[in-house]
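I have placed the structure first, in the form of structure tokens, so that the comments after it can refer back to it.
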Amino acid sequence: KGTIHLFRKSQRSLVGKLTHEFRLVAADRRSWKILLFGAINLVCIGFLLMWCSSTNSIALTAYTYLTIFDLFSLVTCLISYWVMMKKPSPVYSFGFERFEVLAVFASTVLAQLGALFILKESAERFLEQPEIHTGRLLVGTFVALFFNLFTMLSIRNKPFAYVSEAASTSWLQEHVADLSRSICGIIPGLSSIFLPRMNPFVLIDIAGALALCITYMLIEINNYFAVDTASAIAIALMTFGTMYPMSVYSGKVLLQTTPPHVIGQLDKLLREVSTLDGVLEVRNEHFWTLGFGTLAGSVHVRIRRDANEQMVLAHVTNRLYTLVSTLTVQIFKDDWIRPTLSSVPIANNILNLSDHHIIPMPSLKAADNLNPVTSTPAKPSSPPPEFSFNTPGKNVSPVILLNTQTRPYGLGFNHGSAPYSSVLNQGFGIPGVGATQGFRTGFTNVPSRYGTNTRGQPRP
């Protein structure tokens, strides 16, 4: 018997992990058909690339890129089967559905990059057009068309089928839809085939093959080689226009945005939840598309203090679960807002006030113009009394006075009332006029600094 090593984890390389997951997918018999089509696709791509080199046709190369895109779609279908087999894990708590979204996004973006490469090569060929050999041009066209249609119609690709229906229509589909309405107006029996809109992948395969057939005929009749470059540009534009709406839709899913077609339904459900018994507020709601056809969301619900949490949770979940399959609801009860005492320590300069206090005092020039009885200006042409006082902070300069009295607690308060005679004998604290001992009143709670409260903190 071997030695038992506790707490030892087996470390697998990236290749080993991919091999393990591939074996997991290959164990399902439904994936055998996809693997078979993938092998045939590789053989077909090899032959088409050789024929593109022998014919020197860039239009056939652009059409071959559609066959390479079919290979990407088969890989996406395998990933979809793998996602169905995997269960949520602590790392991926929402499951692995976003992997197939990422596969669709990567496939469509790569197809658009291939179209941009064709456009770049076509621009260079307009300057110097090479000779096109039509020996295997038509053969390669029909081989690629047959394999593309056979692959699209034989295998049910769930991710691309959903995206092609949910994404917005391409310009090629819109033009074909207008033409189909005209044809169906003459022959109503074709409405089930051409309406409401055709499959974008089947449409681009047929349109590309038609462009190659026109190229073959024009080159055979008039040796017009520039039509090959024009056909390549047309196929690249159709590819880009078809894949772009799918890239936008899958990209919005990856960005966790809310689908536009469910916003109205979500608002209606949230209004119904807010009217439930015990619910006070619904806030912090966030809903996003987890995968194709799967909506996830989270919401906070504030309820009354006497409400039953489990009952409210059951009602809220029952209302939202009809639309949101993966839902997180956080229930918290309402709490009264009570004023809390500040626990911040008071600064030392407030607790340990020195014997010097800053008291705003009127200037000597202003004191000469005041009536000592009413404290109002003596001139009749001055503004009303309520605008005549010297407001602290505007026309008043602070005066530092020495305080010789002992104050308890170091807060600068006088405890106990002072004698009336002492109040009159202390003066106004103006340098050179009265005593420099400070301004005192008979009130015990009046602070010694204007603009401060009883604790010495500045007022706002």
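Placed from the backbone N, Cα and C atoms, the Cβ positions cover glycine too.
Whatever TrEMBL says is automated annotation, not expert-curated.
Residues or ranges marked as transmembrane segment in TrEMBL: 32-51, 63-84, 96-117, 137-155, 201-219, 225-244. Among the features that TrEMBL reports, domain 'Cation efflux protein transmembrane' is placed at 35-255. TrEMBL lists 371-391 with the feature region 'Disordered'.
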Considering pairs 6 or more residues apart, do the transmembrane segment (225-244) and the transmembrane segment (32-51) have at least three CB pairs under 8 Å?
no
Would the transmembrane segment (201-219) count as touching the transmembrane segment (63-84), if touching means at least three Cβ pairs under 8 Å and pairs must be 6 or more apart in sequence?
yes
What else in the chain is close to the transmembrane segment (63-84), if you only count residues 6 or more beyond its ends and a Cβ gap under 8 Å?
21, 24-25, 28, 30-31, 34-35, 37-38, 41-42, 44-45, 48-49, 52, 95-97, 99-100, 103-104, 106-107, 110-111, 114-115, 118, 140-141, 144, 147-148, 151-152, 155, 157-160, 204-205, 208-209, 212, 235, 239, 291
With a Cβ cut-off under 8 Å, give me the same-chain residues at least six positions beyond the ends of the transmembrane segment (32-51) that come close to it.
26, 60, 64, 67-68, 70-71, 74-75, 77-78, 81, 136-137, 139-140, 143-144, 147, 151, 154-155
